[in-house]
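Q: Here's the feature list from TrEMBL:
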| type | residues | note |
| --- | --- | --- |
| TRANSMEM | 7-26 | transmembrane segment |
| TRANSMEM | 32-51 | transmembrane segment |
| TRANSMEM | 63-83 | transmembrane segment |
| TRANSMEM | 95-112 | transmembrane segment |
| TRANSMEM | 119-136 | transmembrane segment |
| TRANSMEM | 142-158 | transmembrane segment |
| TRANSMEM | 165-182 | transmembrane segment |
| TRANSMEM | 202-223 | transmembrane segment |
| TRANSMEM | 230-249 | transmembrane segment |
| TRANSMEM | 255-274 | transmembrane segment |
Amino acid sequence: MKLRNFLPLIIALPSVVIGAVAMYLNKISIGIWSQNIVVLIILGFFSYLFLKEKPKISKSNSFGFIVPITIILLFLTFLDSGLDGVHRWVSIGPIKLNVASIMLPILIIELWRILKILNWWYSMIITIAISILLALQPDASQTTGFIFPMIILLLSKANKSVIRYSIISLISVIPIISWIFIDSLPPIDYVEEIVLMVKNLGAVWFLIGISSLALLPLPFIIFPSKNYRLVSICLGLYFIIILISTLFGNFPVPLMGYGISPIIGYFIAITWLLKVNTKVFKLQA
């Protein structure tokens with residue numbers, strides 16, 4: 001067994017466990033915090049299986065289904081009952097999944113792939129559409145986390161076009177609008193205020209908790225594969241923005257707070273990073 005195959009689990013484990021311990025010590029129902037633990041173990045297992053799989057020779061690594069699935073799921077959030085006018089979730093029985101938290105990391109990867117092998121305008125149009133849907137939910141955190149990495153990717157292929165630069169500058173206004181019309185949902189102590197809950201356990205717990213959160217985006221910034229450096233850094237930027245935004249609004253703290261969706265999204269991204277670092281995936285010529 002290679003240690004590398006367990007890295008997604010190892011990196012995600014501290015934040016999830018510290019959050020679960022804080023919830024347990026604060027008498028939060030086991031039915032809540034145990035969900036994070038169970039999903040962590042399941043995803044760690046599937047991530048291990050995926051990473052240990054031998055490379056498969058393929059002329060195409062098309063993930064073309066990601067874009068339509070993301071758009072459909074985002075539209076479905078508006079059909080869900082939502083909460084006080086906020087529509088971020090799709091319900092599967094008793095489970096509510098945050099679509100953006102799950103899909104945006106892999107969508108950023110897919111739009112980068114489109115930029116590399118297909119069409120700049122196609123990627124731009126999708127970026128605008130997704131950004132508007134996120135802003136309408138409304139979700140200022142995910143809107144900002146998605147747009148700024150995409151601006152960097154789009155600028156990398158703007159080819160000094162004044163028109164392209166102008167359009168990119170226009171979409172940068174969307175996150176500003178999303179923060180102006182930020183939702184008024186009250187915070188939940190074991191979701192948005194989980195860091196405060198950890199802080200109340202003591203200085204040592206707080207320091208370890210903050211360190212565990214800071215660890216999450218680091219692999220994307222420090223260990224990007226040569227051929228995937230830009231998109232890897234953009235994924236790291238996405239997670240940094242999501243983490244920082246929790247300081248300025250009532251947004252879920254990923255992995256540490258209750259919610260399986262951010263765990264799923266993070267595992268998708270970190271598993272992809274480790275996979276491409278083994279040069280399993282190659283861009284379509």
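Yeah, the Cβs are placed from backbone N, Cα and C, and that goes for glycine too.
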Q: Given pairs 6 or more apart, does the transmembrane segment (230-249) have at least three Cβ pairs under 8 Å with the transmembrane segment (63-83)?
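A: No, these stretches are not in contact.
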Q: Counting Cβ pairs closer than 8 Å, which of 63-83, 95-112, 202-223 has the most of them with the transmembrane segment (142-158)?
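A: Between the stretches 63-83, 95-112, 202-223, 95-112 has the largest tally.
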Q: Checking distant contacts: for the transmembrane segment (202-223), what same-chain residues at least six beyond its ends satisfy Cβ-Cβ under 8 A?
A: 7, 11-12, 14-15, 18-19, 22, 195, 232-233, 235-237, 239-240, 243, 253-256, 266, 269-270, 273, 277
Q: Any chance you could find the range in 7-26, 95-112, 165-182 with the most Cβ pairs under 8 Å to the transmembrane segment (32-51)?
A: 7-26
Q: Is the transmembrane segment (7-26) packed against any residues at least 6 beyond its ends, judged by a Cβ distance under 8 Å, and which are they?
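A: Beyond its ends, the transmembrane segment (7-26) has Cβ neighbours at 32-34, 36-37, 40-41, 43-44, 47-48, 51, 189-190, 194, 197-198, 201, 205, 208-209, 211-213, 215-216, 219, 253-258, 263, 266-267, 270-271, 274.
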